[in-house]
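As recorded in Swiss-Prot:
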TRANSMEM  50-70  transmembrane segment
TRANSMEM  72-92  transmembrane segment
TRANSMEM  95-115  transmembrane segment
TRANSMEM  135-155  transmembrane segment
TRANSMEM  158-178  transmembrane segment
TRANSMEM  179-199  transmembrane segment
TRANSMEM  229-249  transmembrane segment
TRANSMEM  288-308  transmembrane segment
TRANSMEM  319-339  transmembrane segment
TRANSMEM  376-396  transmembrane segment
TRANSMEM  412-432  transmembrane segment
Amino acid sequence: MDLYIQIIVVACLTGMTSLLAHRSAAVFHDGIRPILPQLIEGYMNRREAGSIAFGLSIGFVASVGISFTLKTGLLNAWLLFLPTDILGVLAINSLMAFGLGAIWGVLILTCLLPVNQLLTALPVDVLGSLGELSSPVVSAFALFPLVAIFYQFGWKQSLIAAVVVLMTRVVVVRYFPHLNPESIEIFIGMVMLLGIAITHDLRHRDENDIDASGLSVFEERTSRIIKNLPYIAIVGALIAAVASMKIFAGSEVSIFTLEKAYSAGVTPEQSQTLINQAALAEFMRGLGFVPLIATTALATGVYAVAGFTFVYAVDYLSPNPMVAAVLGAVVISAEVLLLRSIGKWLGRYPSVRNASDNIRNAMNMLMEVALLVGSIFAAIKMAGYTGFSIAVAIYFLNESLGRPVQKMAAPVVAVMITGILLNVLYWLGLFVPA
């Protein structure tokens, strides 16, 4: 009976996260978030957005997601939510999105081992190589506030902002390796962008009174998150319930501690101590990710499926799934409402509202560059410069044909086709992986 309940709850969870991705309300992968405004605004179709989501996510599913679960026996966020990002973006309607997500949840609990064997059976490791896409995407996206400053303000302010943002990254990497440099970098960049914009408005108050007319990109996009708050709250409740069932761990900082806590032979006192340690670790990790998640949500209108991830810490400490579900919904709803207040406040300043196009342009340009660079990394990892040559040839073939595949998605499509061709060449005896 317990297994059936677990299957039902997990299926509901993955179905709902797929639905959130389909509605462009929330996703798990930070790199997919800046892509979805393109989909919402009609600059990209679902096939193109789905190919990017697949390329960004599938490597982590095959490596981190499956390997962590096989090692610990616990489900994890990479395994549950990255595939539903892909399925939700690709689905043509809400019902299909929920259904595909729910099917994935059932498959995880019933067919994980055969799926893992299938993913790792190819002679050329396409899925593992696609993991190379993610690092450039997240690192490049962290620069969007800085690039927006370049577009909107003079060279002096741009130079100062560049020095501050880049030195922040250098200092964090050198002296605080436990912190996420992208989250700090994007936070400092947003502070610089907003500080320069608000200072500009205050200096020109007499010439151009500050008013609240019009919507900034922040208020416009946070309002979209608010419209999806009921769905987000349900996901928060389901995440909490699954974690409270002791079958799920939220991140790498807690999964191995929880494995020990839930293992046989551990006394209740020892187990609770380990659970408390895991909850504290998740809370501290969540603090580090608040700047990244909050600022990207404000800029893109797409939230994270687990919010600021504080819901994980609450889940572990809850006495039962029912209490956990209530607390999870409350925590993630409070986070969303706080975002709305921040978005409305920012909308009072004309220069912040005028930053909308610059922010969009910066995100689009950075994503194009990052996906191109990441795809090159992936192609080289597959087959050295043979893979590079094939991928570049396919990319420029798309250019010569008038871009039947949109420019942002083209590198990812090219590297996936490269992986398929390399496996065909292997089976024909024309290529041997290194």
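Cβ coordinates are placed from backbone N, Cα and C, and glycine is handled just like the others.
In this chain, the transmembrane segment (50-70) lies close to the transmembrane segment (412-432): three or more C-beta pairs between them fall below 8 angstroms, excluding pairs fewer than 6 positions apart. Long-range contacts of the transmembrane segment (179-199) within the same chain: residues 30, 138-139, 141-146, 148-149, 152-153, 157, 161, 164-165, 168-169, 172-173, 288-293, 295-296, 298-299, 346, 349, 351-352, 354-355, each at least 6 residues beyond the stretch ends and with a Cβ under 8 Å from a Cβ of the stretch. Listed as Cβ neighbours of the transmembrane segment (319-339) (distance under 8 Å, sequence separation of 6 or more from its ends, same chain) are residues 9, 222, 225-226, 229, 232-241, 243-245, 294, 297-298, 303, 306-308, 310-311.
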